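Novice: Pasting a structure here, questions to come.
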Amino acid sequence: MNDSRYIGRFAPTPSGFLHFGSLVAALASWLDARAVNGRWLLRMEDTDPPREMPGARDAILQTLERYGLEWDGEVVFQSQRHEAYAAVVDRLFNMGLAYACTCSRKQLEGYDGIYPGFCRNAGHAREGAAIRLRVPELIYRFSDRVQGAFEQHLGREVGDFVIQRRDGLYAYQLAVVLDDAWQGVTDIVRGADLLDNTPRQLYLQELLGFSQPRYLHIPLIVQPDGHKLGKSYRSPPLEADQATPLLLRALRALGQQADPALIGASPAEVLAVARQQWQPDNIARQMTVPEADLR
C-alpha cells in the first residue's frame, strides 16, 4: 500500500527520558506511517516547563536516532506555538464558547473529575482565572482502528474542560488539536490511556472547523502492579546498546512478527523488515499488556 498523503506524528513530553512504553508508542506510529510511505513528524509537547527535565529534549532526539526512528522535517516545539494557542482561546472566549473559572482543586473534590459547572454563568474576569470550554449535552462517537467503537457523553462524563490554566499555560487538549491540524496530521497512533480524551478533541475539531484524523490507540505497557510504564514510576530509560532486542520486544507488544534471527541485526534492518510486515489488525484489542509477558 502507498499513501503519501498519510501524515503521522510522535509527540513525547520532555519530562524524562524515553522508556520501553514510549518505544512501543513511537514504533507503532512510525511503522503505521512508513508502511504506506507516509510522513512521520516529531513534536515536543513542552507546554509545561515546571515538569520538564533538563536535558530530556536532546536525550529524546538522540534515542530516537539511535533506534533508527528517523522523522521528517523539523521538530516542532509547542513552547514556540503560544501565540497560536492564545489566538484561539481569545476567539472561543469572545464567542461565548469558553469562560473564566476560579474554582480551586478543593472546591472540585468529590466530583470524580467531572466539572459541576460552578463558574459556567458567573461572568468572572479572565485575569488570574482558568479558561474552560463549554461542552454540549451530546454523545461523541468515533471508531478506533484497534479499540473499535467508542462513545462518551461530554456533559455527563467530562463537563466543561480547561483549555488554559490559571497560571497561563495551555492545556494539552487545546494544544494537541491545534498542532495536529496545523501540521496536517491525518492519523494519530498513541496509547490507550488517551482513548477517553478523544471525544474532547473531536468537539474542539468540530468547533474550529478542522478535519477529523483517524485514530489508533495501542495497549499500554504496564508493570506488575498495573501502573503504566512512565517517568513518574521511574521506568528505566532506553539503553543505546539494547536497540535491537528492545525493538523486537516492542514488536511483540504490538502483536507483530519478531524473528529471533534478527537479534544480531542493526535497528535499521529490524525496522526495514517490520515495515514490510506491519499488520495493525494484529494489535490486541485491549487496554493494557503486562511488560512481564514480553520477556
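Backbone N, Cα and C atoms are what each Cβ position is placed from, and that goes for glycine too.
Annotation comment: Swiss-Prot describes ARG9, PHE10, ALA11, PRO12, THR13, GLU45, TYR172, ARG190 as L-glutamate binding site, evidence class sequence analysis. The motif ''HIGH' region' annotation in Swiss-Prot covers 12-22. Per Swiss-Prot, the feature Zn(2+) binding site maps to CYS101, CYS103, TYR115, CYS119; the stated evidence is sequence analysis. Marked as motif ''KMSKS' region' by Swiss-Prot: 228-232. Taken from Swiss-Prot, the feature ATP binding site covers LYS231.
Neighbours and distances for these, please.
Specialist: ARG9 (L-glutamate binding site) falls within a strand when secondary structure is assigned with DSSP.
Sequence-distant neighbours of CYS119 (Zn(2+) binding site): residues of the same chain at least 6 apart with a C-beta under 8 Å from its C-beta are TYR99, ALA100, CYS101, THR102, CYS103, ALA129, ARG132.
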Novice: Looking at the binding-site residues PHE10, THR13, GLU45, TYR172, which has the shortest Cα distance to TYR115 (Zn(2+) binding site)?
Specialist: TYR172
Novice: If you take the centroid of the Cβ atoms of CYS101, CYS103, TYR115, CYS119, the listed Zn(2+) site, which other residues of that chain have their Cβ within 8 Å of it?
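Specialist: For the Zn(2+) site the neighbour list reads THR102, GLN107, LEU108, PRO116, GLY117, PHE118, ARG120, ALA130, ARG132, ASP160.
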Novice: Using the centroid of the Cβ atoms of ARG9, PHE10, ALA11, PRO12, THR13, GLU45, TYR172, ARG190 as reference, list every other same-chain residue with Cβ within 8 Å of it (recorded L-glutamate site), in sequence order.
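Specialist: Other same-chain residues near the L-glutamate site: ARG43, MET44, VAL176.
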Novice: Please name the residue among the binding-site residues ARG9, ALA11, PRO12, CYS103, TYR172 whose C-beta has the most neighbouring C-beta atoms within 10 angstroms.
Specialist: ARG9
